[in-house]
Structures are given as structure tokens and as C-alpha cells.
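Comments concern the structure below.
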Amino acid sequence: MEALLDINWRLFAIVTLNGLTLASLYFIVASGFSLIFGLMRVVNMAHGSLYLLGAYIGFEVSEATGSWLLGIAAAAVVVGAAGAALQVSILSWMQGQDLRQALATIGVSIVAADLMLAQWGGSAYQITLPGAVSSFVPVPVAGRYAMARLMLIGFALVIGIGLWLMLNRTRVGMLIRAGVDDRRMLEALGVNVPLVFVGVFAIGAGLAGVAGVIGGSVLSVSPGEDARYLLSSLIVVIVGGMGSIPGAAIGALLVAMAETYGLAYTPTYGIVYTFAIMVAVLAVRPQGLLGRAA
Amino acid sequence: MLRNGLTLGATATLAALMGTTALSAQEEETITIGGLATLEGPFAAPGEDGLRGVELAIEEFGGEIAGHPIEMITASSDGNPDVALESARRLVEQDGADIMIGPLSGSEGIRIAQYAKEQPGTTFLNGGSAAIETTLVDPAENFFRFNTEGAQWTAPLGEYVVNERGWDNIVIVSEDYSFPYAQIFGFMATYCEAGGTVQDKYFTPVGNNDYSSVIAQLPLETGEVDGMYVVLGGSDAVNFLSQYAQMGGQLPIVGGTNVTDQTVLTTQGPARELLPGILSSGPVSDNADLEAWQEFVQRYQDYFGDEGLPSPSLFASNYYTNTKAALLALQEVEGDLSNDHEALNEALSNLEFTSPTGPVSLNENRQATAAIYINEVVEQADGSLALEPLERIEEVDQYLGLGREAYMELGLPSRDNPSCPS
């Protein structure tokens, strides 16, 4: 009996850490998604494709150069540019038409998925982590835990705090917040709003790209991941509140915890919990936990 | 000019419409083969290779049988039975396929075999799917499976790990659908019989990519548990193995057939460290010194060159075998498709031939009896991984050698059946 209790606590600690690390990954992907939505009201259905593209680029670059950090940087830059291009070439033509933009991005995601399948094939890749983080660290109760996964939590904290500082403490952040509140007034004040839009799109897409490399290192990259992370981002922001970065953090935590505890303790119903949370939030607080009423 | 174009178009349409009905009495009517495989989703690479097998078989016959040109059309699925059914309907009901080859995934196969009953005028051959139920539970008269299925593939392995490796207590990690159930069913049928026990089974949803919560419950090295039986495919296998390796797991592994498929063996990263030495079993062995296999590999490599995989996968082999069966039977009846393919179906039922993996024949359920290999993953001189045959077991039948009655008593595979706890 004593041994049983002992094992259960260890498992519980590990599962909790797993939930936290998965939440970190979900947060990084969803924060970009939420940022774009918050300012432009664009539901970017190609966000998952940007994640997958980032992962593949990170794989190619880190394979070629042997440097994982270069892979992250390349993914952030290239995917950020791809996001900006998406905004300039397609979405800017239908600014303000939410539904049309959502449909256009679905189209983009389908084309992108096929192009990436043609280029990288159907098999799964894994991005090699630097030796320094592919080790274990002793953790109380859990025994030991993979450094790479703990690093994920650190990444999410850095990105979360960075985003918060940028939005609340810088001029760019002020512009973005002003744009969220009153786009026309901002334009009247002489700010080049379309340029701000492109910039925000690039940041949001770049975050997806970075998340792709991290996800591709800790987990793996294969076709179909695009739809998976788009779905998780959607659920996270629906739960947390569209356009809110702290909301994305809370949403990611709830969704990832439900998923991991579900898989560990009741494997059959893991997916049900996620949607149950979404349904509950929609029923009680349709704008999301930290979302503002439209 | 415009008017002319319109008339021409209308005539062509009319001719095309007539083609399906009026011309069927003529001798040189084209015979259409519909290939159905997963070209989307996690099994995209296996699906692509499966269709290469179909193409290769048709090419082998010079694209015609007894004066009938053979036309190949294809449709895609994503591993989901509903999508597979929709694509099959399109091939059969809209595009007029005479012969269907497919699908690829286990649960898809069960659905397509049901659909075959609604379409007695079409002959269905399996592609790569390998669930037990497809040809066991109320099998369709016009559905033929010239490849062996999931339980046949793993039956020899269960006995082998007990007798040759001395294992008697294992844990199982598996995806949660019909094909892995079959692989566990076949394995455990002989494993439990030989005296082995299964301590625990862990089922995860297909496409799950974070296995850490399952891994936390697994032993990392041998002790009470001798080894682990892993039944995962494609990226699921890669994810699980690399995360298990990252957590420092060292338990010896026996794999379901898909764990050692070329799509997994070509992976890079931590998973690769665990792959050499894994035991598995299945219809194909990359390094088999069988003449028919080597010929097949040569023809595959000559025809597809760099486009194909370094060595044909399990799926290319299975799709090829089924297509070749269809073409051999067509040759025998000289392309006679009259009376709901009566002659063709009869010929198929009695057909015996040499597939890339050796002689194959069908039983009364139109399910193949053929040889199975026990394989070990080895590192080749050029650094690539391949399956090295340890043993070849001839004529493994649908009932795993138990006879129909004893086999039926085992019941149908599920999460809980079979079980042999310690």
C-alpha cells in the first residue's frame, strides 16, 4: 500500500510537469494567433501551417548548420516574412471582412499543406536538440525530468513576459492597443495602420514558427501537425478569450492539463475533457475567461 | 466556330456517356482499376508507396490483358473509414471502376468490405489494410485479400520471444483502433499459450504526440518486466520511441509490423538509437534472400529510381500483390466481366501464385494464407536500417493454425481481449 501511494505521487508529479510543458507549447502557438486576432479580427486558419513551416525550416537549417539556435532564428524570420506576405498579398485586400479572410486563410492552409507534403514527404522528422539540454535534472517527487521539457516552460515564460512588456511598455505596444480599441481614430492621428497590421502579423507568424521548431525538437514534425495545432490554438483562445495574452496563458494551461491528466488517468476520455471545458466556457462566459465582450 | 465547338463537346460527352453502357458488349473494352490509398494525413507516405505497387503490377502486364487496355484511376483517403467510403463510392459509382484495389488502413478496410456487398458488379481487392474483421465477420463474396492480416503477421512473434528470448512478462503500448488490436491479438494468442503474461496494456489515441504521461508509467529498464511490445505506426512510433529514449528508457522492444516499416526506419533523432535490435514480424523482410522478393525489389528500383523509397515498403508489396492477383485472374478469364464478374471472382477464389514474399493462396473467406518473417532491425554497411530475417514461417493461415473452431472461440480482438495477466 505504501509503495502504491509512492508510485502514484511520482506519476502525479510527472504528469503535472508534462501538463505544464504542453501548456507552454500551446501558449507559444496560441499567443501569436490571439495577437493577430486581437488587433485585426482575422481568424487566421493558416496559423497551423505557419507552425508546420517553421518546424520544417528549423529542421533544415539546424541540420545544415548544426546549430539549433540558428534554426530557431531562421524559422522566426522566414515564417514572420511569410506571415507578412500573407497579410500584404491576400488579407489586406479584404480588410474588415472577417468571414472572407477566414475562408481565404483556410484556402492558404490547404495549399500550404500539400506543398509541404510534396517537399518534405509524409515521414516524421525530429530536430536535434543541443547537447546541453538533452539531459535530465533531478526534480523533487518526480525523481528526474528531461531538461528539454523544462526549457519549454522557460521559453513560454520569456515569450509571455516579453509580449506583455511589448504591449504595455513600448510605443509599438501602445499603437497596437490603440488599434484594438479604435482603428479609425488611430489612423486619423497619422499612424500608418496597414503597416502596424503587417508588423503584428509578422510577429504572430514568427511566434508560430518558433513554436514549430520547439515542438519539432521536443516532440516531432510530420504532416497533420498543422491541423492539430490550429485546433489547439482555437480551443485555447476560445477558452481564454480572443485577443488576450494572459487569457491565452490560462486557456493553454487548462486545455493542456485536461489533455495530459486525461491521457494518464482515463485514456479513453482525454479528448472529451478539452471540449467539455470549451463548452462550459462558451455556456457561461461566451467571450472567454479573460475576453472582453464584443 | 463557337457553335462547332459546342456540337463537338456535346458529341464527345454523348460518346463518353455511351462508352460505359453500349461498348460493354465489345471485346476490347477498357478495364478500369481504381486504386484507393491514403494520400493525406499521417499515412501519406505509405499510401503513396502503395499506389506505386499498383502501377508496377499494371506495368508488368504491359498495361493490357487479353486485348483489353487497363486504365488506372486513383482516389485518396486519410485513414478515416468515412473518407475511404466516400472515395470508393466516387471510384465505383461515378468513375465506373471495374476492379477496386484498396484501402490502406485497418478500419477503412472493414468499411470497404461492407460496401462491397452493395456493389456486386465490382470486384474488390484489398490494398494494405489488415484488420481481422474485414475477412472474418460476415465476409463479402466479392472482396478478396491476397495479403495476410495483422494477427497473422504477429502470431509467430509471440511464441518466439518466449522460447528464444526467455521473456515471460511484458507491457504493451498501442494505438487505439482495429489494426493494433489485431496485432496484439495475434501476438498474444501464441505468447500466452507459450506461458507469457502481460502486465499492462496502454492504449493511446492515433496521432497523439505527447507520450510522456504514458512513459511515466513504464519501467525504464528490465526487472519484473522483460520487455515492451510497441504497436504504433508512422509518426506515432517516432514520437513514442524518441520520447522514451529521451527519458532514458532501455527496456528491450518488440515491435508491431509498422514500427519497423521503412517510414519509421528512415527517421533521424533519438528514436533511431532505439531501433537497431528491435524484433518484429510481418510479411516483408528487406533482406530476404528469396528470389521473388529480390526480383520485385529490383523491378521497383528500376522503375521508380529516386522517386521511390530505397526499398519497397510493406505497403508497396501488399498493393502490388493484390493488383497482380487481379490481373492474373483477369488473364485467366480473358477479361470476361459478364454476369457481375462471375468468372473473374471464381478465378480469384482459386488463384494461387508466387507473390514477392512467396506462394499465396486464399481460404474460404477469401483471406490469404502466406509466409511470415520474424525480423530484427539491423544497421547496414551504408548506415541505413533494414529488416534482417531471423526466421521464415510458411503458410500462416487466418486461424493462426488453431483451426476455425478454436480460433472463433477466442472472440474478436478488442482492448481487453485477449488478456493473460500474471
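Keep in mind that glycine also has a Cβ here, set from the backbone N, Cα and C atoms.
If you check TrEMBL, you get these features:
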type     : residues  : note
TRANSMEM : A:12-35   : transmembrane segment
TRANSMEM : A:42-59   : transmembrane segment
TRANSMEM : A:65-90   : transmembrane segment
TRANSMEM : A:102-125 : transmembrane segment
TRANSMEM : A:145-167 : transmembrane segment
TRANSMEM : A:188-214 : transmembrane segment
TRANSMEM : A:234-256 : transmembrane segment
TRANSMEM : A:263-284 : transmembrane segment
Sequence-distant residues near the transmembrane segment (A:145-167) by C-beta distance (under 8 Å, 6 or more away from its ends) are 14, 17-18, 20-21, 23-25, 27-28, 31, 35, 129, 132-137, 139, 173, 176-177, 207, 210, 214, 217-218, 245-246, 249
Stretch among A:12-35, A:42-59, A:102-125, A:188-214 sharing the most Cβ pairs under 8 Å with the transmembrane segment (A:65-90):
A:188-214
Tertiary contacts of the transmembrane segment (A:188-214), defined by C-beta under 8 angstroms and 6+ residue spacing from its ends, are 25, 28-29, 31-33, 35-36, 39-40, 44, 47, 50-59, 62, 68, 71-72, 75-84, 86-88, 91-92, 95, 127, 152, 155, 159, 172, 175-176, 178-179, 221, 229
